[in-house]
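Peer 1: I am attaching a structure below and will ask some questions about it afterwards.
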Amino acid sequence: MKIYYDQDADLSLLADKTVAIIGYGSQGHAHAQNLRDSGVKVVIGQRPGGPNWELAKENGFTPMSAAEAAAAADLIMILVPDQHQKAVYEKDVLPHLKPGKMLLFAHGFNIHFQQIVPPADVDVAMVAPKGPGHLVRRVYTEGAGVPCLIAIHQNATGKAMETALAYAKGVGGTRGGVLTTTFKEETETDLFGEQAVLCGGAAELVKAGFETLCEAGYQPEIAYFECLHELKLIVDLMYEGGLSRMRYSISDTAEYGDYVSGPRVVTDETRAEMRQILKEIQDGTFARDFIMENMSGRAHFLSMRRINAEHPIEKVGAKLRGMMSWLKK
């Protein structure tokens, strides 16, 4: 894998360019402010009237419509949520995609699944910081950077990689390292990680553990501490030094239980389901379902959200978190 650093990127390639950030949300505010602090001219495309419009003004920008920003820019980074990107692209961006411009994304969903099909005469790239926007901004202001992924989908100008690397340098990515990937790889692995491990897998594991203890007669408050609250302690150790750091830091009792009981939770059947989840991502089944869900009004999605919000673990957790002064800061 090729990894790029500061010395591999030329920020001067953006000296006479204007970058449009479409969507001033979690990633948008970080990209915009970091680029500006790197000396790049930035315009903000944001829906008027909302909190992000006001936040952009508070941060010293003069926000405008997405169409106005796209018209004014040479590089256009689309950072609105996945389900809104196609509509924003077709209505506000496409009419202003002149030959030689660059279209940028921080996630490959809409390009990989062909919800957005740019004209052949523009560059299309991805620069994806591997951290939330507030971290991307904070680390940049501290003189470092969050590592990024970079991918090229179209190289109409012959300089797409150089331009994308300049953008990555502007947001601070080359300070930490910019790793090469493809739109396909980033999209499929990102979706799999979210569904099987980080969100779907972890949430269901936490709920199942909580329910198992409660059904066995243990107090819900104790079950919450053991199955949800303490998860952060373990994940932080893994985040800082991998599984080995976590196992070094826990008790021998916990480590032994890890080895003998973990494989009984993640069984061969679990692994088979994980492979099936990956297959449905790869063949487009998940993407089609998600796209159709949004097109049909999101009734099923909203129902699942409501049902999960009413799970007993949420009520117990709200009460216990109210006792934790450090969470109120």
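Residue numbering: from 1, along the chain as shown.
Backbone N, Cα and C define each Cβ position, glycine as well.
Straight from Swiss-Prot, here's the annotation block:
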type	residues	note
ACT_SITE	HIS107	active site
BINDING	TYR24, GLY25, SER26, GLN27, ARG47, ASP82, GLN83, HIS84, GLN85, GLY133	NADP(+) binding site
BINDING	ASP190, GLU226, GLU230	Mg(2+) 2 binding site
BINDING	ASP190, GLU194	Mg(2+) 1 binding site
BINDING	SER251	substrate binding site
DOMAIN	1-181	domain 'KARI N-terminal Rossmann'
DOMAIN	182-327	domain 'KARI C-terminal knotted'
Peer 1: Over the domain 'KARI N-terminal Rossmann' (1-181), what is the model's average pLDDT?
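Peer 2: Mean pLDDT for the domain 'KARI N-terminal Rossmann' (1-181): 98.
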Peer 1: When you rank ARG47, GLN85, ASP190, GLU194, GLU226 by Cα distance to SER251 (substrate binding site), which of the binding-site residues ends up on top as the closest?
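Peer 2: Nearest by Cα distance to SER251 (substrate binding site): GLU226.
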Peer 1: Going along the chain, which residues six or more apart from GLN83 (NADP(+) binding site) have their CB under 8 A from its CB?
Peer 2: PHE290, ASN294
Peer 1: Any idea which of the binding-site residues SER26, GLN85, SER251 has the thinnest Cβ neighbourhood at 10 Å?
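Peer 2: Sparsest of the binding-site residues SER26, GLN85, SER251 by Cβ contacts within 10 Å: SER251.
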Peer 1: Tell me which of the recorded positions HIS107, ASP190, GLU194, GLU226, GLU230 ends up closest to SER26 (NADP(+) binding site) in space, Cα to Cα.
Peer 2: HIS107
Peer 1: Which number gives the other C-beta atoms within 10 angstroms of the C-beta of HIS107 (active site), all protein chains shown included?
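Peer 2: Step by step: centre on the Cβ of HIS107 (active site), count other Cβ atoms within 10 Å, giving 21.
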Peer 1: Pull out the recorded positions from the set TYR24, ARG47, GLN85, HIS107 whose C-alpha sits within 10 Å of the C-alpha of ASP190 (Mg(2+) 2 binding site).
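Peer 2: Qualifying among TYR24, ARG47, GLN85, HIS107: HIS107.
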Peer 1: Taking the Cβ of each of the binding-site residues and counting other Cβ atoms inside 10 Å, which one has the highest number: ASP190, GLU194, GLU226, GLU230?
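Peer 2: Neighbour-count leader: ASP190.
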Peer 1: Spatially, which candidate from the recorded positions HIS107, GLU194, GLU226, GLU230 is nearest to TYR24 (NADP(+) binding site), comparing Cα atoms?
Peer 2: HIS107
Peer 1: Need one number for the NADP(+)-binding residues TYR24, GLY25, SER26, GLN27, ARG47, ASP82, GLN83, HIS84, GLN85, GLY133: the maximum pairwise CA distance in Å, whole number please.
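Peer 2: About 19 Å separates the two most distant Cα atoms.
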Peer 1: Using DSSP, what's the helix, strand and coil tally for the domain 'KARI C-terminal knotted' (182-327)?
Peer 2: 125 helix, 0 strand, 21 coil
Peer 1: C-alpha of GLU226 (Mg(2+) 2 binding site) to C-alpha of GLU194 (Mg(2+) 1 binding site): distance in Å?
Peer 2: 23
Peer 1: Please work out the number of neighbouring Cβ atoms within 10 Å of the Cβ of ARG47 (NADP(+) binding site), leaving out its own Cβ.
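Peer 2: Excluding its own Cβ, ARG47 (NADP(+) binding site) sees 15 Cβ atoms within 10 Å.
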Peer 1: For TYR24 (NADP(+) binding site), list the number of other Cβ atoms lying within 10 Å of its Cβ atom.
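Peer 2: For TYR24 (NADP(+) binding site), the count of other Cβ atoms within 10 Å is 30.
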